[in-house]
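Have a look at the structure below before the remarks.
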Amino acid sequence: MQENKGKIIIITAPSGSGKTSITHYLLNKYPGLCFSISATTRSPRGSEQHGVEYYFLSVEEFQSKINEHAFIEWEMVYEGKYYGTLKEELERIWNDGRVPVLDIDVKGAIHVQGEFPGKCLSIFIQPPSVEELKRRLESRGTETPESIATRVNKASYELSFNHHFHHIVVNEQLDKACAQTEDLIKEFLGW
Ligand code: 5GP
């Protein structure tokens, strides 16, 4: 496991591609992987809790962390909503002898890859089509029509970045996409 210290797995995709389901599958199956909890200024959705899905911060708290250089990367992913990966979070996971899994947006993913060359495995989860992605977002039932429209517009743009990453996994069928992603990670970590 020691040889995997400092390694990072990045799962990136437009919102609604199924990357969170794939990430959950991996985390449940491999205790050596650990979800990297991002900080965000968006409000919790449904049953989300501080310190589980995200560290929910106020804009002021988030900005002071930016000033303290506490982030590996941060982005305003949606208008007025900040998201970022804390250096401390990655340290916590590495010190625990595990490998962090980052579920982050495309720009953040490109940034982290640049910061840790040779240490990252980046996987882009591609939805079969933008129409299918819209349908999935609608069926979640947690998004407003405005939020769906914002996410669909952003997704079309993000899809054009797929070639920046080590691998593209098309999520046509969730179980197949999970298995493909799992194989890539096992190979990267020598498991
Ligand atoms: P959601 O609001 O649906 O939880 O997340 C919105 C988007 O922000 C998703 O694409 C998610 O992967 C991304 N995201 C979550 N955490 C981070 C982060 O720390 N940095 C960046 N750049 N994006 C993030």
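A Cβ is built for glycine as well, from the same backbone N, Cα and C atoms used for every other residue.
As given in TrEMBL:
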- ALA13, PRO14, SER15, GLY16, SER17, GLY18, LYS19, THR20: ATP binding site (BINDING)
- 6-186: domain 'Guanylate kinase-like' (DOMAIN)
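Among the listed binding-site residues, namely SER15, SER17, THR20, the Cβ with the most fellow Cβ atoms inside 10 Å is that of SER17.
Ligand 1 lies under 6 Å from the Cβ of the following binding-site residues, listed in sequence order from ALA13, PRO14, SER15, SER17, GLY18: SER15.
LYS19 (ATP binding site) carries a helical DSSP state (H, G or I). Long-range C-beta contacts of ALA13 (ATP binding site), restricted to its own chain and to partners at least six residues apart, with a cutoff below 8 Å, comprise LYS19, VAL106, PHE124, ILE125, GLN126, PRO127, GLU158, ASN171.
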